[in-house]
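Written below as structure tokens is the structure these notes are about.
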């Protein structure tokens, strides 16, 4: 049900009247400026409720600002879960980084969007239960609540009980020529995966209708200081920020892209982002290419972060491109790899799903972030050919001068939309094999514990329950086939892969038949696994059997192009593809969580036989 809000401009207050009533920290927090001279043009508005429907997914908002009436039809979105993790990171005396989970009891609020009017707002509660609004509207307006002390002061002055004051101001926009905001680094050292080389003999993979890039947000020390070190305010700002980025992708009809926040890392010292600091150029700039390379190498080694698809460092530093002769040319506002999403370069020990963007506050970096995520999803600059390692349509048929998001020209409303070439490039990349980490929904089964079955039962426990013995291997081979010792024959018998989440090495787990680092389980590893066979006492003879049928009842066959054995003639509950049912794993899930996994997509896929009796 809709509820209606009316926001009326009750009176005009000059900037001098408001500014001189604020402390420097209040001004800095509200406008993200360092002094009064940099305060942007703004208007003061009061928002009044007409009807109270707090739990409605739809809200109407009306207000007048800068001589124009704005009518917003807001719809609730799911950008971040209620418990999106927030971490603080500092460097200790030895230079090692320490991560700390930052918990808080304050409700962050909910994200809303009006796609037609370009509004992306975060709605949250004041201490007395009144609703506050912050975010972006259209191409240049920012709506934010005044500091609590000023709101109370103004409310008392106008003698209007229940009114909460907000400001609307015009954010900075840059309409300079090309090369002023973005630069592109194309990593030619990304190897073609063996899966891509086999495409001619395999059917083309089709991406789902909706993809879900999960963003790990890394805030540098200047960003921490910009928000006065207030953890809740930092979290609200960057949720609002990425709500604005997500709004740009809502304009895509297909493929649909839904941004989600995997976690937020707050740097509480300059050394907390060593990949930025070691590439400083002068006092206020960084070498963007070198910093991006070092960031990817750091994240390759770091195992303490939340699971993510794309990592984005947000900084106030100017970025520059190193030219021949050593000169570093400023003007870059964002840097990322084209087609880097989900890609890890094992040879160089580097994560390629990374970007660095500049944001000076006031949501100035939203379009830059959309642009750089676009690069990671396979889009090149308009007017450019595709990189050789990706192929595809490229963007040579779309003019740079048209000024869409993947150009640097933003003279018209096209600067907030995607060109036909960008859309085609998204389609090409997302239908490739490297993009699969984007296919899972981050909010799927959100209320359930995120426990994979392999975490419940060790490899030995899986073999004991299925065959009464122990596992032969405890390395990467178990992800393709789990070999258990058969006491009757003395052989190691392979009958199915290890359960998802099973340990396959130090800090590694099984994911979709591959052994990957536990905290990179959304980034596919395209190395092929060669199944090895082991004899304990005599020459090995393989008897691939099911854990829930005897060998004589159900011989196993191997599906071409897959290393996962399946039971012949058995299909899932919908009558579709053959499937397997790791019954002991399913029983463990039931025992630990009282059957609440029953209706989830994971259970239907993994426990397809048992799901019929749910």
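Backbone N, Cα and C atoms are what each Cβ position is placed from, and that goes for glycine too.
Feature annotation from TrEMBL assigns signal peptide to 1-15.
The feature domain 'Peptidase M12B' is assigned by TrEMBL to 211-442.
As annotated by TrEMBL, Zn(2+) binding site applies to 371, 375, 381. Mapped onto three states, the DSSP output places residue 375 (Zn(2+) binding site) in helix.
Residues or ranges marked as region 'Disordered' in TrEMBL: 554-579.
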Taking all protein chains shown into account, the Cβ-based neighbour count within 10 Å for residue 375 (Zn(2+) binding site) is 25
Just name the most isolated of the binding-site residues 371, 381, going by other Cβ atoms within 10 Å of its Cβ.
381
Which whole-number mean pLDDT does the model give the domain 'Peptidase M12B' (211-442)?
89
